[in-house]
Each structure stands twice: as structure tokens, then as C-alpha cells.
Amino acid sequence: DKENTLNEKVAHARCGALVTASLPPFPQHLTSSLLAVALLTSFGSSMLYGYNLAVVNSPASYIKNFYNRTVVSRNGSSLTEETLTLMYSLTVSVFAIGGLVGSLMVATLVTKFGRKGTVVNSTVLVFVAGLLMGFSRICGSPEMVIFGRFVTGIHSGISLSVVPMYLGEIAPKNLRGFLGLMPSIFICIGVFSAQLLGLHELLGKEEHWPLFLSLVVVPTFIQLMMLPWFPESPRYLLIEKHNVHATITALKWYRSKCNIQAEIEEMQEEQRSLSTVDTVSVWTLLVDRSVRWQVLSVVVINIGMQLSGIDAIWFYTNDIFENAGIPAPEIQYTTVGTGAIEIVAGLIGRLGRRPLIIGGFGFMGLCCAGITFSLILQTHIPFMKYVSVACVVGIIAGFCIGPAGVPFLITAELFKQSHRPAAYTVGGSLNWMSNFTIGFIFPFLQMSAGSYCYLVFCGVCLTVATYVFFVIPETKNKTFVEISQMFATKEAILESQALSQPDQLKLKTMNGYGTLENGSLEFNSSSSTP
């Protein structure tokens, strides 16, 4: 009865004459509502991640001076160089700790508040952080700067997972890649904005650094004023909330054609496959053998994204440019130039997911190897200094082409509704832990291995590219059910190959992902040939 009622409401929601289910669905186009939501969420959430990554680089000396003056006024003695460096390192790295905390909250938040609801409600964190950092100098409190960075990290940890999830669910399958890469483009814009505003001519003066850190409230305020007027994810409304009327209303907002029957039916198919499956926990996801290849893929891509060396490259860009003979006053402008290259490279993301990831990681691996050889040879061949600069630019461009945004997009595509929140929690946590780890390990790695340390990053990049080439299928223009079936086929093949007897394999029970449940293999010996 419920299904008949749902079909009746869907039929009445069509504009114009009724269209039979046998007709091919209308092609879906980018609507103003879809574009507006993608821009608002990316501008007010994703961009802040990139901004906060780079915002502390320019005012580093001013922040250290503030810390030192504050301690002198409190205790009458100045900080040692080691203690000052430790406090500043904590200011930088606490952002990653906050990101880890935020990523662990994703599954709970998106289930309770929804995708859009989580994005809107998490904006309070940005305003709290902005107030803390903006008034830290007036209050004479370094603790406010550090805690403000921690709070912004929590917000970034949440938004880095929720925004791609939200956009992936509201987009038709042929536009999922375009909208899914929008956050990565805005991350690059955020890095570029921080580099640009950090110039001495703009906010790079000592009196401006509290304002520089707290500017994050501006894009978030714009987002908060406009995003609540847009609907929640239709998939969330139908599959998890069972709200048919709200689902139809949301689809009317996000679709240019009035025939939403085909998309409703695809959601119903997923809903039926998940009728006996609740939203799974992280532990349930990790022990579920039916999605082991999807989980392993998320682990490999997210760890590889951070262990590719991109954070180390960003951290040591100024040193490499200085070694190349670029005058010190011009290094800040060269750094801004690399930020512009990030944006251009991010706009290239129009291909399939596999070419972007494989090409991005592969190109980064080659450039990492190029940095090693150029640093070794530059003492003998002066021209190699410029090769090292080109390799740095190549690594940044390669990262922005694919690894910067595709991992978060592909996490949404590899899992169905019940498993998606837990998958984002796993991927986001590993991403932030790897981010934090590389920040501490790289200086020691560089001291012990010297120029050869970049070969480690080369190995990581090429390993991830190889894994994606052999394991992950192309997900472009595929529905979530179709993607799950592709992994189900891989799982079934591996199960059959593991059988030691040549008996005929019979598929009996299928779980929500279309793969074999435990104990679902039966041997039909009577039909096997001798």
C-alpha cells in the first residue's frame, strides 16, 4: 500500500501529461538551483579549508612576536626559541587535530540533521573561531588563537566530508562529477586567497594579522543567509526520512525537467535493497565483507592523498624557490603564482574519476622523482635549480587535477545510503591523521634521507595510481546501484576463484549491495560436469 501511495504521488507530481516508465528519461541539465547550492556550500565551507591551510604562513613572525610579548607581560621573561617554535607549531598543527575530531562526528551529524542541515548548523563553529582569533590580541591571549584554530579544524573536518556527500546526492548522475569537483576548486581558491591577502600590500602587515585569521566568517555568513532556503538531499529525505512529499519538492527544485519518475524509481530500488539494512556504524562497515573492496579503496586513496608529499611541498616551497635563486622579496609573489596554478589545474577536472586519479598521482610521482634528481645535480648543473621549481609546480598541478577533490567525490559514489556516513568518517579520519603525521615525520625524514626523501613520496603516488588502475572501476555517469553492482561482480569473481572444487556456483541470497552474504554459497553438485 505504501508503495502504491508513493507511485501515485510521484505521478501527480509530473508536469504535463503522464509519461510511461518505458520511455527513456529526459537528459538532466545543470539548473540554477544546483549551481547555486554547489557554489554556496563550496564557498562557505570547502574554501575555508584551503584558506586555513595557508593563512598562518604569512603572519608567522607576527604571531610569534605576539606570543613572546604576551608571555613577557605575564611572567617578566621571554620564551626560548624552542618553546616559541613549539607554540607556533601547535598553532599550525592543532588545525589537523580539530579536523580529525570533526571527521569523527560526520556519521552522527548527517544522520541526525541531514546533509544540508549539518552544513548549516556547523557554521556556528566558524563564528566562534572567528571571534576567538579576531579578539585574541586585544585580550592578550595566545590560547584564543590556538583554540580558534582547533575550532576551525573541527568545522573543516565536518565540511570536507559533508559537502561532497550533499552535492553527490542532489546531482543527477551525469553532473555528479562536475558538482563533486566544485569543492576541490574552491579549496584551491581558498589557498590562493590566503596567499594573495597575505601580501604585505594587503593584510600582510603586523597590525592586520587578527583580521587576516578571522576573515573566515565572511563567506560563512553569506552561506548562512542563503543556503537554508534550498531543500535537503532528496535521497536523504526519501531513503532515510521516508518523506515522499519533501522528496518530490526537492527534485522539482533541482531538476530542469518535470519527469522525475525515473529518478524516484532508482531511489526506490536502493530503498528496497536497504529495507532491512539500517545506517551502519564504522565498526560494522569495517567488518562487512560485502564492501571490503570499497573500504580498502577509500583507505588507499585518502592515505595516499596526504602521504603524496603535497603538504611537505607546500611547507618547503619557499626554501626551494630560495635555492633556485629567486630574490627573497619576490618569493611571496612566486608563491601566489603557484596558488593561481592550483586553481587552473583544478578546473581541468572534467574527465572520468579514474583518469583524474591515475593521471594526478602518476604525474606527482614523476615530479617527486624529478625533485630528487634536480636537488642532487643542481650543485653541478646550475640549470637544475629551475627544474626543481618546475617539479614543485608540477606536483601542485598534479595534486589539484585529481587527488585534491576526487577522493571525497568517489567516497560518495562507492557506497549506498546506509554505508555512506560511516565511509566518510573512515576516509576523513584517515585523511586528517595522515595530514598530522606527515607534518611531524617529514622534517626527520628529510634529515635522515636528504634529497632522497622525495622518492618515498614517489613510491606512494605510483602505488596509489597502480591500485586505482587495477581495482577501482570508472564511476562517471553511473548510478549508485550500478556502481555497487560493479564491485559485487568483482567480489563474486574472487569468491568463485577461491573455491577449491570445480562445482557449479549458485548465488542464493543477496544483501543490500548485491553481493553474497555469509553462507550464501551453495554447491549444486548434481549439475556439475565430471
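Cβ coordinates are placed from backbone N, Cα and C, and glycine is handled just like the others.
Just so you know, TrEMBL annotations are computer predictions that nobody has curated.
According to TrEMBL, the protein has these features:
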- 38-476: domain 'Major facilitator superfamily (MFS) profile' (DOMAIN)
- 33-51: transmembrane segment (TRANSMEM)
- 86-107: transmembrane segment (TRANSMEM)
- 119-138: transmembrane segment (TRANSMEM)
- 144-166: transmembrane segment (TRANSMEM)
- 178-197: transmembrane segment (TRANSMEM)
- 209-230: transmembrane segment (TRANSMEM)
- 295-316: transmembrane segment (TRANSMEM)
- 356-377: transmembrane segment (TRANSMEM)
- 383-410: transmembrane segment (TRANSMEM)
- 422-445: transmembrane segment (TRANSMEM)
- 451-472: transmembrane segment (TRANSMEM)
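Remote same-chain residues near the transmembrane segment (209-230) are listed as 33, 36-37, 40-41, 43-45, 47-48, 51-52, 55-56, 58-59, 62-63, 66, 116, 119-120, 123, 126-127, 129-131, 133-138, 145, 148, 152, 197-198, 203, 253 (criterion: CB distance under 8 Å, separation of at least six residues from the stretch ends). The highest tally of CB pairs under 8 A with the transmembrane segment (86-107), across 33-51, 144-166, 178-197, 356-377, 383-410, is held by 144-166.
Scored by C-beta pairs under 8 angstroms, the transmembrane segment (422-445) has its highest count with 144-166, from the stretches 144-166, 178-197, 356-377. When Cβ-Cβ distances under 8 Å to the transmembrane segment (356-377) are tallied for each of 33-51, 383-410, 451-472, the top count falls to 383-410. Here the transmembrane segment (144-166) sits apart from the transmembrane segment (451-472); fewer than 3 CB pairs are under 8 Å, leaving out pairs fewer than 6 apart in sequence.
Sequence-distant contacts of the transmembrane segment (119-138) (same chain, at least 6 residues past either end, Cβ-Cβ under 8 Å): 41, 44-45, 48, 66, 109, 113, 144-145, 147-149, 151-152, 154-155, 158-159, 162-163, 166, 209-211, 213-217, 220-221, 223-224, 227-228. Under 8 Å from some Cβ of the transmembrane segment (451-472) lie the Cβ atoms of residues 293, 296-297, 300-301, 304, 307-309, 312, 353-354, 357-358, 361-362, 364-366, 368-369, 371-372, 375-376, 410, 442, 445, 490, all in the same chain and six or more residues away from its ends. Averaged over the domain 'Major facilitator superfamily (MFS) profile' (38-476), the predicted model reaches a pLDDT of 82.
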